[in-house]
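Peer 1: One structure follows; several queries about it will come next.
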Amino acid sequence: MAAEVAARESPNRPMVPITYYLLLAAALFCMGMFGVLVRRNALVVFMCVELMLNAANLTFLAFARMRGDAVGHVSAFFVIAVAAAEAAIGLAIVIAVFRSRGSVLVEDIRTMKH
Amino acid sequence: MTLPSLSLADFFPLLPAILMVVGACILLLSEVFLSATSSRAYQAVLTVVTSVAAGAVAVAMMFEPPREVMLGFGVLDPFSSFLTFVVSVCVGLAALSSVGFLRNRGAERGEFYALMLFASAGMSLLAMSNELITLFVNIEVLSIATYALTAYLRRGTRPSEAGFKYFILGAFSSAVLLYGAALLYGATGTTNLSAMVGPLGGAMQAQPALVYTGVVLVGAGFAFKIAAVPFHMWTPDVYEGAPSPVSALMSAGVKAAAFAAMVRVFFTLGQGIDPRLPLALFSALAFLTMVGGNLLAIPQRNVKRMLAYSSIAHAGYLLLGVAALFVTAPGEQFRLLGPSELTGGSPLDLARAGALRGILYYLLAYTFSAVGAFAMVSALERREDEEKGTAWDLERFSGLAQRRPGWAFAMAAFMLSLGGIPPTIGFMSKLLIFQSAVDAGLIGLTIVAVLSSAAGVYYYLRVVVYMFMRPVPEGAQVLERNWGTELALVVSTAAVVVLGIIPGPITAWLEQAGTLFGR
């Protein structure tokens, strides 16, 4: 087991540079943000929010890996747990919206005037 | 692997939050044994008793020495205890005003009060958080409970619409804040705010872009939570669609907790980065929020919506105080305010200490005035009119002074307080913030604040004019009295008037509460 870990961690093995992970996370975050602003379906909007949370997770993990620090790994677990709770309440609200108006399109959800 | 050893005494600083969670669990469990027709009057009483107990513990904690608690994940300082007190006041009054509201709608359930208490436990812990992940988890604890409360009423299209909008923008802002926190973690290698101060200076030299992006994202996340312009779009719809007691909880409690966390985070960041960045950020937000909130409130005939815009404007005045915290003399290193600066430092230190006290006093003042005003709105609205959107029209207030002089007097006191007219608590708190902003040298911004609050007086006084100078409309509804609402009105009116005339007890207290941990 220890040998396996050592082999995996050995400097000879080619590794994906941390920067790539950070760039991927930044791209995911921007896609999520863009999606929240432009998508019409409430469920897709909700998925985009989840994408943003996971981009943050990936950033935490990449930095934790870079620094050999456990805090980032633990943080990711907390975020996953919170995201699950958020998904439960979010889906319940989407169902409530669907029951009251038979649609989950964002442009239909505007009874209140500005 | 060693587990940290915590004794029972180590949990003492969390006592207010623990009391709230225990109260919420009792409410949830006892609900199981009730039938549909059982009396549920005890639920509001239990909520109020819990919040009074939590508030009393928080008051006692104000005199504890500031220190790190729970292995450095939280801090206990007079600042956090004062915020816990404000939150307890807010949830107690909101619970009182829910009694009649829920009974009218046949929606009395233990979950409602339990969610309120869970949310307030989150707020109390948020004010104590000293670590970015703890902060994020507590923001989510309070947000998830308030999302559910917003969409609590199942009848009609408004509550679910408000819940949806609040949920999407709330989750979005949490994600932005979390991503900013991840970048700050990457730059400094720690998520603990106290530990972050050291490496932040070095990180600024090595990766300024990373730090600045992190700071701006964290700032934007908080700006959503406190409903600062231009991050305020969700506020009017959510406050209008949510049950009125929940709007009260959101406008006062959630805002107070978010301000506390924001001040704490930026106090830490300000020591590593150039303090002119938070100063510029908060000055710009304060300007936009004060002017935008007041201008948008002026055309509103819907009183509940007007209160939502007014809550945005009040966030602007608070941001002016926050901006004053970050004023430094040229070449001066930003530092926290120690006990010596609080009582006798340089003029600038005194101004910043005054601003911190002003923010705390303002949060208390706003809690009493806004929760009272929302309680009044909930006493006058009728379920049948909600779908038509006329439940909150100014006409509702016509001739109120002849029908219920006590209610009209209370509402007048809240409106004068929100407008900042003496002798009310709202005037005193505005005075404290504006004065310290002038002392800190933010004169232009203070002039904008005074002018925009003068414009705000127009829409507050319009409600008073309707109550006292308009005749009672034909076929006006019967005004039902309810002990909960009336008790909430009496308590908030008494606080608004008495603390406006004799602010001494609270300001003496605030000498303490300006103390933040970390010097």
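Glycine residues also receive a Cβ, built from the backbone N, Cα and C atoms like all the rest.
Pulled these features from TrEMBL for this protein:
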type	residues	note
DOMAIN	B:129-324	domain 'NADH:quinone oxidoreductase/Mrp antiporter transmembrane'
DOMAIN	B:355-453	domain 'NADH:quinone oxidoreductase/Mrp antiporter transmembrane'
TRANSMEM	B:12-34	transmembrane segment
TRANSMEM	B:41-62	transmembrane segment
TRANSMEM	B:82-100	transmembrane segment
TRANSMEM	B:112-129	transmembrane segment
TRANSMEM	B:135-154	transmembrane segment
TRANSMEM	B:166-189	transmembrane segment
TRANSMEM	B:209-234	transmembrane segment
TRANSMEM	B:246-267	transmembrane segment
TRANSMEM	B:279-299	transmembrane segment
TRANSMEM	B:306-327	transmembrane segment
TRANSMEM	B:440-461	transmembrane segment
TRANSMEM	B:487-510	transmembrane segment
Peer 1: DSSP says what for the domain 'NADH:quinone oxidoreductase/Mrp antiporter transmembrane' (B:355-453): how many helix, strand, coil residues?
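Peer 2: Split by secondary structure, the domain 'NADH:quinone oxidoreductase/Mrp antiporter transmembrane' (B:355-453) comes out as 78 helix, 1 strand, 20 coil.
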Peer 1: For the transmembrane segment (B:440-461), could you work out the same-chain residues 6 or more beyond its ends whose Cβ comes under 8 Å from its Cβ atoms?
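Peer 2: 283, 286-287, 290-291, 293-295, 297-298, 300, 306, 310, 313, 316-317, 320, 323-324, 327, 348, 351-352, 355, 415-416, 418-421, 430, 434.
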Peer 1: What residues elsewhere in the chain lie close to the transmembrane segment (B:166-189), defined as a C-beta under 8 angstroms and at least 6 residues from its ends?
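Peer 2: Distant contacts of the transmembrane segment (B:166-189): 132-133, 135-136, 139-140, 143, 146-147, 150, 196, 199-200, 203, 206-207, 210-211, 213-222, 224-225, 231, 233-234, 238, 242, 269.
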Peer 1: Residues sitting near the transmembrane segment (B:487-510): Cβ under 8 Å, six or more positions beyond its termini, same chain?
Peer 2: 62, 82, 93, 96-97, 357, 360-361, 364-365, 368-369, 371-372, 375-376, 379, 406-407, 409-410, 413-414, 417, 422-428, 432
Peer 1: Counting only pairs at least 6 apart in sequence, do the transmembrane segment (B:246-267) and the transmembrane segment (B:41-62) share 3+ Cβ pairs under 8 Å?
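Peer 2: These two stretches do not touch.
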Peer 1: Which bits of the chain, at least 6 residues beyond where the transmembrane segment (B:41-62) starts or stops, bring a Cβ under 8 A of a Cβ in it?
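Peer 2: Result: 13, 15-17, 19-20, 22-23, 26-27, 30-31, 76, 78, 81-82, 84-85, 88-89, 91-92, 95-96, 98-99, 108, 110, 112-113, 116-117, 120, 124, 484, 509, 512-513.
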